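Taken from Swiss-Prot as is:
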- 1-177: region 'Terminal protein domain (TP)' (REGION)
- 178-335: region 'Spacer' (REGION)
- 336-679: region 'Polymerase/reverse transcriptase domain (RT)' (REGION)
- 346-589: domain 'Reverse transcriptase' (DOMAIN)
- 418, 540, 541: Mg(2+) binding site (BINDING)
């Protein structure tokens, strides 16, 4: 008869009417019993022929194909003008006195951040925007392109102008200015651009300098003959240097000319381009002047083309006969002025050689489950986490649950700060640009690739087979709708573009590491500037605690001003005041301890409601289930050991079948959650020790010993001794000389014993006693007569490796006291 849930509870000693612990507990270590229970509960059956279940409630396998939902009305979030101050270390030192070595090292890591992978795979531009939403291809293309444009305008992306130059908006950093083409320096650096020096000077002389910036007087067209050899022909129509990804610069300074001339048509992806004959367009430079642009007439186009070649796919629809009522020429003729073909940033810099390719695809999703009105850009740089091009990301300490509780469980008032676009605060060195490229191939190529009837551009000669191939009702309808949203920007966005990251992107394993180092260093500085405040952060989640609400408010003002002075942008609308129970990292932390947040508890209840019984569940779905249950495991009676059967089946990549008893057991475990309490420091009075055959305890001056029925593995024996010590003495502090017991991880013990021991030892702290000094050593060997004095062992709770309290160097005396207010606190508050 299968094991019922009541019997199972009794077996695990979870009920009160169990017999004496010294007899019952060793029985749970018996291998035979564990095997019989496992068979009864269906925990280790061989592979089953019933088909696996691949979905449980909302959980599907890790590589599930649940497509995200496209929202045609997504708003692109706005990004503040984020510019982290370059001399952040000096600013902190003015504020708080000398920084510690640790803080300096962490801050220097991200000023600027560097990223040098061993090898980088380049993908064609068509893969720049992922076709994630097959029914909304065009809409998704423009929304994504608009998002990238917004990031570029906010100074978060570089725009690739030529193979070796890029432009960006916002304030430059010193490592970027060093690369800038000045009027003079350009000629010395131009060796990489022109093969013969005189070309540079001849170009310069042919251009008059006016207050409008650089204007072509008699045009020149530098044309790629083969590879990078250059020739200059002067009997050509008035021109500007236009080619793919490089179009005349809009800032009225000499150095822009570098980007124009350097651009010329020598990139392979670009060879298809020169410009059609239309009117001269006026357009405004970033410095506010109008710059005249003249276009190349089609007769002067590229060297090997057969017939006229146009680069601007969009504007060609202006002068041709419509092919049908859905021809794009109807849309293009709506406006006379579609604006420039490309825009240029305020600053131009030299960059390492960057091909006209991308290294990762992008697509849009909802900003978060609670905010579906705004979009979020997902960047897939997974090539750096997979296969031969894998980069070993740096490891960093994440505070574990006990450390977090020791640190934050107190009677303080709390608030949490919201750092807006935290990742985009940290600057990347321009040398990383060639590895982190995103972009798009332009609308014509994108549409051609996705529609079966149209042919992609003829690469060999760069001719467009037939403009009307791309006209279709779907495209026309989508573009007419988008015209209402984007207006003349449709033209700008229909051009190809390549962008590199100027701030750290979210899709690279380096970013979380850098952000964690950065915010922890800043919090360390804040804690020393305001000694009676507790500031703590994990990634972009920053919390402040103080003894009273008034105190907290004045701290909030002071800390916010300090962070703003460093160039860190906070979102004041999202500041949350928690009172005495802090919500942080998915937990609720109060003076009583820590519990999981309510939404997680609800998720667990729903999970159990939908768990099928006696049906094999795909191990990938089990991973999802274990992920959720594992988060709340420390708050249950049996903890992680209860989930061991699930872990085992995931490791074996086998399906798992929940028996009614095992499901009832887990469901009961998670129905009552117990808080994890803060550890207290204290003097250890109770010691436990064991040998394979016997155990011994010392409680103050009382000593006990006992023997096991059969010899046991030493770790198991030590664990049993610790359980006896806890149940006999009730002490929350026990001395032991076994490292496995000290670690409080009971997952490697026989399953039933692990579950029972977890419940008995819940909330117990252990202190390490070397065997030679352990008073319980003699009793465990059966020698009660010998008496050795108790050693004074002090237990200090740890805050793990969260490196909280930087040793503060002496602050120079002339610095004023930071916080002036009637504080109820006359002494600096120390951590609990």
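Glycine is no exception: its Cβ is also placed from the backbone N, Cα and C atoms.
Annotated features taken from Swiss-Prot, shown on the structure.
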residue : record              : Cβ within 10 Å
418     : Mg(2+) binding site : 16
540     : Mg(2+) binding site : 18
541     : Mg(2+) binding site : 16
Cβ-centroid neighbourhood (8 Å) of the Mg(2+) site, 418, 540, 541 excluded: 416, 417, 419, 422, 537, 539, 542
For the region 'Terminal protein domain (TP)' (1-177), mean pLDDT (0 to 100): 81
